[in-house]
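Enquirer: The structure's right below; bear with me while I get my questions together.
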Protein chains: 2
Amino acid sequence: MATSAAARFLAALAGAAVLLVLLGGAAGAVVGHDDDAAAARRTMEEFAGFPASDYRGDGGGGSGGSSPFYVDSDGLQRQIDELASFSDSPVPSVTRVLYSDKDVQARRYIKGIMNQLGLSIREDAVGNIFGRWEGSEAGLGAVATGSHVDAIPFSGKYDGVVGVLGALEAIRMLKRSGFQPKRSLEVIMFTSEEPTRFGISCLGSRLMAGSEELARSLKETVDNQNVSFFDAADSAGYKMHPEELHNVFLKKDDYFAFVELHIEQGPILEKEGIKIGVVTAIAAPASIKVEFEGNGGHAGAVLMPARNDAGLAAAELALAVEKHVLESGSIDTVGTVGILQLHPGAINSIPSKSHVEIDVRDIDEKRRNNVIEKVHQSAIEISKNRGVLLSEFKIINQDPPALSDKSVISAMEFAAKQLNLEYKLMISRAYHDSLFMARISPMGMIFIPCYKGYSHKPEEYASPEDMANGVKVLALAMARLSLQ
Amino acid sequence: MATSAAARFLAALAGAAVLLVLLGGAAGAVVGHDDDAAAARRTMEEFAGFPASDYRGDGGGGSGGSSPFYVDSDGLQRQIDELASFSDSPVPSVTRVLYSDKDVQARRYIKGIMNQLGLSIREDAVGNIFGRWEGSEAGLGAVATGSHVDAIPFSGKYDGVVGVLGALEAIRMLKRSGFQPKRSLEVIMFTSEEPTRFGISCLGSRLMAGSEELARSLKETVDNQNVSFFDAADSAGYKMHPEELHNVFLKKDDYFAFVELHIEQGPILEKEGIKIGVVTAIAAPASIKVEFEGNGGHAGAVLMPARNDAGLAAAELALAVEKHVLESGSIDTVGTVGILQLHPGAINSIPSKSHVEIDVRDIDEKRRNNVIEKVHQSAIEISKNRGVLLSEFKIINQDPPALSDKSVISAMEFAAKQLNLEYKLMISRAYHDSLFMARISPMGMIFIPCYKGYSHKPEEYASPEDMANGVKVLALAMARLSLQ
């Protein structure tokens, strides 16, 4: 049995410089005999015309050079810059909101690259886009990768994008190196990860993971211009009947593994000079919408004792969120008031309404829920003390944390070792589509450093070298998983 | 000399039911002899065909009836409702911002009524509109009245409007009653009183009062869509060269008196069941713009110790404003944060910028300035503690309070007494155009009750009866001042 497997294996990897790297581990694992591995290496050297050692990983993110196993860093950077041009805010910032014209242009751009790579393209009802490289055993669960290209207002051009364009570059590398996947490889562009338009994070992956609750709530969901979700989707070319949302649901074994490449969005890798983060868990995110209503009135005429100021209630609550988070007893607890809006929003008018949106996360779900409960109590107390109505305290999402799968972690560790890249096991405090893919597939994430940990702002930056390292680790990890 | 004055006086007031009322005071004052007053009353009774006592003021806001000295309450209400239809927000709210299309339509509507009344109309460079009823001695300083029709977002339909449409109804009453002014009577529609578009309150009256500082700063003033003041004015038909702003300035003796009718915008008159407020002083308003800048960043990835959150700095400052105001030692001190905006304004993004606009008032200028200084110290302290930059602490305006003039107060008191309407001397905590007219003319204000003191919101309401009372007091006060 071992001999025919080796033959198939060698055929799959004929000309695949990747084999040499993989032979350092997977090939041996597949054929089970070291001497066969040596034989396979000699074959490849004759076939490839260069010594095996060249593929120990040049570590230098070499963007060209003789071996086909290189990252076209210039090409990748050009694509990132071109994609960044589809934005509703001026350079260097990027604003690309779900189903906006710029989002539609970005989707067309991504599908163009998938076409060039010869991937078979599929789009589901809400606009998740799938580019598949059929494997030799296409019936098996595929190995998927991917991320998102929507961007919150005034953000940067790397968040999510590195995991889509970088994944397509990883496929290009594997194709260029002659690699032939056993399990199909699929790159997913999730329809939207940012909550900007409808207040729902990871809308695409949440549906793929089978969220009945989201399939229900989307029927009444409108954005802040009162445009319904379905009208917005229709405007972007995704006309659907509400019942079609269930077609977006995936089955548990659709994927053998899902691995996402992403910038760290934090300062640790850069600070510690480490090139790769192997993510072991994703923190549990939660978001809350709160609204207060008071009497409002004229800023001059209404004396202080007669006031019930919805704006001051919101200010108090923002500081209460900070207090409860700092008192959680763990540095892993974070809380943010990213949105605070006053109505009518005139300098000489006491705010009659305030709208607050709160983001609370922790790697410990119970601790995170405890903070949410305290924030709720504070909101009730503040409304009583200030004589304002707590007209809404709505938990938009309260997701559990997600653990990366051991098999995917080992594939990522293997790839980093093979490429001689120092790596660090770490937690992702930011949520990602991986958080929901973990519900239907073994999941893992690869982090690369980003400048000062900046993200969600124009200064967000990842170097070509760091991106090249991430792409190579992703390519090898996917290749390895594909052959399992 | 006394006889010819009486003749002129009787001629001016021939058929003027108003004379009867005025004779109770002004006529006697003008001719100097009580028996002449009695003679004039008999003449009027023969001329008017009804007993003098009818004009003691029916108190009931009679909106019709045999005497020409009535308020057409239905007509006035219809005009108020028609004017309210020029709005950029749905009924019952009104949004009518300076130089917007709706503002232009409202201006046309007001000029239409001025035309119907036969007033001679003038508009200055920035769109203050003047409707003049020429007096018999037009060379004398005129008696002016008026207010504004611009409206902050989502406000009501009475603020300012009662002082323009009500003033035009007062003119109509006097004309209907055969009154003939000695000093001309002029109704002014001030181009904008609300600071909504350019952050400048009482823009029209401030310029009329000769503000060199405003004439300078308008050259660099833009709105939050980056439209310059001059482009905005041009779009509304007021094309001007910056130097023409000085043509808006009025001279100290242009007006003999200015008296403004306005809803109280506070709860006192309604609570005490009093029909008329005679304003003795207007509180000193000040507005401040504050901006903080921090590092922003990803709401999940940046741990709490590494944050400098511009949004929390703004929240702290809002509560500091309240604290300093409450600690001023006087109930007359009021402070409001009407605008608090976070950037980029995404739930999962730590605010990197915050913009706060603060409104502080008091009838005691020193006490008000003391609060402003403390707010400034708090802003500095907060920025240090939170490691954010205090990128702006700009005092937009810091105006002194204004005292009403004794002669105008007595004319208003006289009118209220003649009409048998209980009145109360009171302070206006809200600023009005009168605050600036006081710099170039003896000034006074007439308040009428409004429902629960509500203002600057759709629920703002003044009853037809209360408006009729206000119009009558205004008419009599203007008539009396016009004959001085």
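Just so it is clear, glycine is given a Cβ too, placed from its N, Cα and C backbone atoms.
Since the structure is predicted, the reported quantities are computational estimates derived from the model, not experimental observations.
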Enquirer: Pick from A:Glu123, A:Glu194, A:Glu422: which one does Swiss-Prot list with A:Asp159, A:His456 for the same Mn(2+) 2 site?
Expert: A:Glu194
Enquirer: Which range is it, out of A:34-37, A:234-237, A:242-245, A:262-265, that shows up in Swiss-Prot as region 'Substrate'?
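Expert: The range carrying the region 'Substrate' annotation in Swiss-Prot is A:262-265.
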Enquirer: According to Swiss-Prot, A:His298, A:Arg361, A:His456 bind substrate; which one of A:Asn308, A:Asn348, A:Asn385, A:Asn469 is annotated to that same site?
Expert: A:Asn348
Enquirer: Tell me whether A:His298 (substrate binding site) sits in a helix, a strand or coil according to DSSP.
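Expert: In three-state terms, A:His298 (substrate binding site) counts as strand.
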Enquirer: Would you work out the biggest C-alpha to C-alpha distance among A:His298, A:Asn348, A:Arg361, A:His456, the residues that bind substrate according to the record, and give it in angstrom as a whole number?
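Expert: So the maximum pairwise Cα distance among the substrate binders is 39 Å.
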Enquirer: Could you state the CA-to-CA distance between A:Arg307 (site 'Necessary for dimerization') and A:Arg361 (substrate binding site) to the nearest Å?
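Expert: Cα-Cα, rounded: 34 Å.
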Enquirer: Enter the number of other CB atoms within 10 angstroms of the CB of A:Arg361 (substrate binding site).
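Expert: I count 27 other Cβ atoms within 10 Å of it.
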Enquirer: Fewest other CB within 10 angstroms, which one of the recorded positions A:His298, A:Arg307?
Expert: A:Arg307
Enquirer: Could you list the residues of the same chain, at least six apart in sequence, whose Cβ is under 8 A from the Cβ of A:His456 (substrate binding site)?
Expert: A:Ile152, A:Ser155, A:Gly156, A:Asp159, A:Gln265
Enquirer: What number of additional C-beta atoms lies within 10 angstroms of the C-beta atom of A:Asn348 (substrate binding site)?
Expert: 27
Enquirer: Would you list the DSSP helix, strand and coil counts for the residues of the region 'Substrate' (A:262-265)?
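Expert: Summed over the region 'Substrate' (A:262-265), the classes give 0 helix, 2 strand, 2 coil.
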Enquirer: What are the DSSP helix, strand and coil residue counts for the region 'Involved in dimerization' (A:284-399)?
Expert: 42 helix, 42 strand, 32 coil
Enquirer: Grab the pLDDT values for the region 'Involved in dimerization' (A:284-399) and give me their mean, rounded.
Expert: 96
